[in-house]
Amino acid sequence: MSSEVKTFSKFRRYFFPIHKSEFPKFIPLLLLAFFVGFNYSLLKTTKDSLVLAGSRAGAEVIPFLKVWGIVPGAVIITMIYGWMSCRYSRGFVFCALVGGFLSFFALFACVIYPMGDALHLNGLAAKLQTILPRGARGFVVMVQYWSYSLYYVMSELWSSVVLSTLFWGIANHITSVREAGRFYALINVGLNVSSIVAGEISLWLGKHTLIPSSMAVDAWHGVLLNITLLIVAAGGLILYLYRKLDHLTEEAPVLGDGLVSEMSVAQLKQEKKRPKAKAKSLLSVLFRSRYLMGIAVVVLAYNLAIHLLEVVWKEQVCQIYSSRVEFNSYMSRITAFTGIVSALAGVFAAGQSIRRWGWTVGALITPLTMLITGGLFFGAIYAVKGDAMILGGFLGFSPLVLTAWLGGVQNVFSRAIKFTYFDQTKEMAFIPLEDDEKDYGKAAIDGVISRVGKSGGSLVYQALLIIFSSVADCMNAITIVLLLALGGWIWVVAWLGKEYSVRTAALGKARAAEEPSLQDEDESRVSSPISEPEAREEVVTTL
C-alpha cells in the first residue's frame, strides 16, 4: 500500500492520476462510460435525422415532442425506476432498463420502420391541419408520424435514464470523494472520445455499408439497420461491464484488496439494508433540500438554454439538408467535432482547472461559454435580418449557410463544455450528500428536472409559434428568455459554490474522524482536488 500512496510524477499527475490498485475499478468504469456515450451519440444523430429531415415542419416539431412526448415519458420512466428500486437490486434495475431500451431500438429498425405509412395517422393529420393554426404544424407532424416520435422519445430517455441516472449512479456509488476529482475528468474524456468514434462511424455508414441487408426498404433504412446493430452490440458490452463492476464492489471488501478502501463491510451492509424510498418520494426529497433545489435550477437553466439555441440552429440546418442520409452525415460530423473539442478540454483544462480553482469556477464556465457563443450566433441572425452580410459575401457563403455554420460552432462549444465542465461539476455536487438525497434526488433531477427545462423552452416556443407561425419571427422573445435563464444560472452557481465548500469540508472532517489511520498516512502529502480553495485543507486525497 505504501507504494500506492506515493505522489505521481508531474506528467502522470496531469494526464493519468490513477493508482495501479484502482485499475480494476477504474478501467471497467471508463469502458462503461465509453459504450454508454457511444450509444448516446449514435441515437442523437439518428433521432434528429429520422424526425427532422424532409419534414414539412422542420425543427418546429421539436418543441411539441419535448412537451407531449418526452415529459410524459420521463415521468413514467422515473416512476418505473422508483418502483423497481423499491423491490429489486441495483443490478437488476440497471440490466432491466438497459435491456428494455435495446429491445425497442431493435424492434423499430427491424419491424416498425419497414411498415412505413401503414402505421402512420395520415387521415387524422389531415383533419388536424384544418382545425389547428399554422403554427401548430409541428404538433400535426408529431401525431402523424407517431412511430418516429416514439423513437425520438426513447432516444432522448437513453440520455436521462442510462447515461445520467444509471451510469452516473453506479459511478457515484463506487467512487469516493478522494477518487472523484481524478476519476471523473478521465471518465468524461472517455465519453468525449466515444462521441468522436460514434460520429465518424455514423458518417462512414452514410457513404458505405457495414453489413448489407436485404431487409432495407430504402437507403436510410440500410443506414438505420447498421447503426442499430452497433447500438445493440455496444449494449451487450454495457451489461457485461456493469455486472463486472457490480461483482467487484461486492467482493472487494471481503478480499481486502483495497478497491473499496473507503467503505467498510459494515457500511456496505448498512447500505444494502437502507430502506428504499417510494417512487412518489423522489421529488419530495428534492423539494426538501435547498442544496438539491440549487442543483435542479442549474440543470433546468442549462436544458432551457440549450433547447432555445438548438431549435433555432436546427431550423437553419433543415433548410439546407432534406435527405435523411445527408442530414445524418452533417449531424455526425458535428458530433465528432463536439467530441474532439470536449476531449481536448477534458485532457488539458477541465480536471486541472477544477482542482486548481475549485468547483465554482468550473461550474461558471458553461453558462459563460453559452452566453458568448450564443451571442455570436444570434448576432449573425439579426445581421441577416438587417442585410448586414458583408462577411458572408466575402467568404462566399450564403446567409443561410453562414448562420447555420455559426450555429454549429455554438452547438459544438456548448455541448463540449457540457460534457466536460457541466457534467463533471454537476456530478461532483452530489457527492457530499447523504445516500438517500444522492440516489433519489439525482434520479428526480436527471429524470424529470432536465426534461422540464427543455419543456420550458418548448412551451415558450409553442406559444410563440401559435402567435407568429415561424421560428424566425420569434427571435426577439427567444433572446429575452435566454438572457434571463443564463443570468439566473450564474447567480445560483455562485450560491451553490459556497454550499459545496461547506459540505465538502464537513464531509472531509467526518471521513478523517472515521478513518484516522488513512488520514495520518495521506494528509501530509496532498489536499482535495475537488473542494473549493478555502476548503482544500479539510479533505484528504490520494493524488
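A Cβ is built for glycine as well, from the same backbone N, Cα and C atoms used for every other residue.
Annotated transmembrane segment per Swiss-Prot: 23-43 (among others), in sequence order. If one looks beyond the transmembrane segment (23-43) by at least 6 residues along the same chain, the residues whose Cβ comes under 8 Å of a Cβ in the stretch are 105, 155, 158-159, 162-163, 167, 170-171, 174-175, 183, 186-188, 190-195, 197-199, 201-202, 227, 230-231, 234-235, 237-238, 241-242, 244-245, 248-249, 252, 257, 259-260, 335, 339.
For 61-81 (among others), the entry in Swiss-Prot reads transmembrane segment, with the evidence type sequence analysis. A Cβ distance under 8 Å defines the sequence-distant neighbours of the transmembrane segment (61-81), meaning residues of its chain 6+ beyond its ends; these are 51-52, 55, 93, 97, 136, 138-139, 141-142, 149-150, 152-154, 156-157, 160-161, 165, 279, 282, 307, 310-311, 314, 443-444, 447-448, 450-452, 454-455, 457-459, 461-462, 465.
Here the transmembrane segment (92-112) has Cβ contacts under 8 Å with residues 43, 77, 80-81, 84-85, 119, 147, 150-151, 154, 157-158, 161-162, 166, 170, 215, 221, 224-225, 227-228, 231-232, 235, 238-239, 242-243, 246 of the same chain, all six or more residues outside its ends. Look at Swiss-Prot and you will find 92-112 (among others) tagged as transmembrane segment, backed by sequence analysis.
Sequence annotations record features per position, and here Swiss-Prot assigns transmembrane segment to 150-170 (among others) based on sequence analysis. Same-chain residues lying 6+ beyond the ends of the transmembrane segment (150-170) with a Cβ under 8 Å from its Cβ atoms: 29, 32-33, 36-37, 39-40, 43-44, 46-47, 50-51, 65, 69-70, 73-74, 77, 81, 90, 93-94, 97-98, 101, 104-105, 108, 112, 238, 242, 245-246, 427, 439, 442-443, 446-447, 450-451.
Within the chain, the transmembrane segment (185-205) has long-range Cβ neighbours (under 8 A, six or more residues past its boundaries) at 16, 18, 26, 29-31, 33-42, 45-46, 171, 223, 226-227, 230, 328-329, 332-340, 342-343, 346-347, 350-352, 354, 416, 419-420, 423-424. Under the heading transmembrane segment, Swiss-Prot lists 185-205 (among others), citing sequence analysis as support.
Same-chain residues lying 6 or more positions outside the transmembrane segment (222-242) and placing a CB less than 8 Å from one of its CB atoms are 28, 31-32, 35-36, 38-39, 42-43, 46, 50, 91, 94-95, 98-99, 101-102, 105-106, 108-110, 113, 162, 170, 201-202, 205-206, 209-213, 215-216, 324-325, 328. The annotation transmembrane segment is assigned in Swiss-Prot to 222-242 (among others) on the grounds of sequence analysis.
Taken from Swiss-Prot, the feature transmembrane segment covers 292-312 (among others).
The annotation transmembrane segment is assigned in Swiss-Prot to 334-354 (among others).
What Swiss-Prot lists as transmembrane segment is 361-381 (among others), and the listing cites sequence analysis.
Per Swiss-Prot, transmembrane segment is recorded for 389-409 (among others), and the stated evidence type is sequence analysis.
Below 8 angstroms of C-beta separation, residues 59-60, 62-67, 70-71, 133-136, 138, 299-308, 311-312, 315, 478, 481 of the same chain, each at least six residues beyond the ends of the transmembrane segment (452-472), sit close to that stretch. Summarising the annotation, Swiss-Prot assigns transmembrane segment to 452-472 (among others).
Annotation source Swiss-Prot lists transmembrane segment at 477-497 (among others).
Taken from Swiss-Prot, the feature region 'Disordered' applies to 510-543.
Taken from Swiss-Prot, the feature compositional bias 'Basic and acidic residues' applies to 533-543.
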